[in-house]
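**Student:** Would you mind keeping the following structure in view while I ask a few things?
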């Protein structure tokens, strides 16, 4: 009888490991939205800094893709190695588990494949999208049959095939998400399949392991071996160690909140709400709308320092790459965002064709 009671007491004293649950589809959508918003938020911030400090940040703005992939590689590698998840997955209390071994992808093939899908593929996809937009705009005003050579044929094939590839990837992802919602699949994205991992929620044991103090710094390990003076020093180093362990989490939270703030600023300054709040406050009657296409003969009659859109002295000179004409930054940015063409030549254009002139 006593043996049975003792066994039951031992069994109750051992706390069972918390069951690992998969995140809900709402958590996954929130995580993916945050992941896709980091790059444009940082790009907007760099663009803002390049406007005020061109000597320091202009090169970063022009080569943003390359700087960002280095930053993203360091960030994701740190979180995969230490927390077994990407930055945004860790922010929403998720972790990656290798499908074959059940271990976190801290090392080995799973971590390399995770870095490829988290960092490498978004960079390649962004470059391919830029190439597609550039080729499509160039050949909109030309006939494919007028261009000969293997290079032109490859470009034509790419322009035709790339939208279908993107559509196929989106269809596969949508099918996996539907299967995930119906509990028919343990993954919601093809990139998790390529990485060989699945997503799970962090457990209390995981959080405790992240904040664990090494054995040689634990107070209980040293109190029986040292003097009171050594114990005081040990508590001091223990607190320093806990501060160091908590510092990355604090920085990551501040970084994420900063991204939300940058998104808010971008929404306030680049949406119709901003236009409504900026106009009509002083009661002045707005000027009549400008003629949207200006002939080149009219441009030649203007002073060299006048903007072809507002017909005033240019502010923040900005050249349009597709035509070579120079405008005010505000004028040409609003025009291109609205009409997607050059106001003089009518050639297709977008904001990527704007070149700031710092003279």
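Just so you know, glycine gets a Cβ as well, placed from its N, Cα and C.
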**Student:** Membrane side check (same topological domain name in Swiss-Prot): residue 133 and residue 201?
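**Tutor:** According to Swiss-Prot, residue 201 sits on the opposite side from residue 133.
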**Student:** Looking at 267-306, 307-346, which stretch does Swiss-Prot describe as zinc finger?
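**Tutor:** Going through 267-306, 307-346 one by one, Swiss-Prot flags 307-346 as zinc finger.
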**Student:** At a 10 A cut-off on CB-CB distances, which of the binding-site residues 307, 310 has the highest count?
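**Tutor:** The residue with the most neighbouring Cβ atoms within 10 Å is 307.
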**Student:** May I have the list of same-chain residues other than 307, 310, 328, 331 whose Cβ is within 8 Å of the Cβ centroid of the recorded Zn(2+) site, in sequence order?
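**Tutor:** Nearby residues not in the site list: 308, 309, 311, 312, 314, 315, 327, 330, 332.
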**Student:** Using a 10 Å cut-off, grab the number of neighbouring Cβ atoms around the Cβ of residue 328 (Zn(2+) binding site), all chains included.
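**Tutor:** The answer is 21.
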**Student:** Enumerate same-chain residues with a sequence separation of six or more from residue 331 (Zn(2+) binding site) and a Cβ-Cβ distance below 8 A; give 'none' if the list is empty.
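**Tutor:** Residue 331 (Zn(2+) binding site) has long-range Cβ partners 307, 309, 310.
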**Student:** Going by DSSP, is residue 331 (Zn(2+) binding site) sitting in a helix, a strand, or coil?
**Tutor:** helix
**Student:** Apart from its near flanks, which chain residues at least 6 from the ends of the topological domain 'Peroxisomal matrix' (82-106) lie with a Cβ under 8 angstroms of it?
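**Tutor:** Apart from its flanks, the topological domain 'Peroxisomal matrix' (82-106) reaches 20, 23, 27, 30-32, 34-35, 38, 75-76, 114, 118, 186, 195-202, 206, 210, 248, 252-253, 256.
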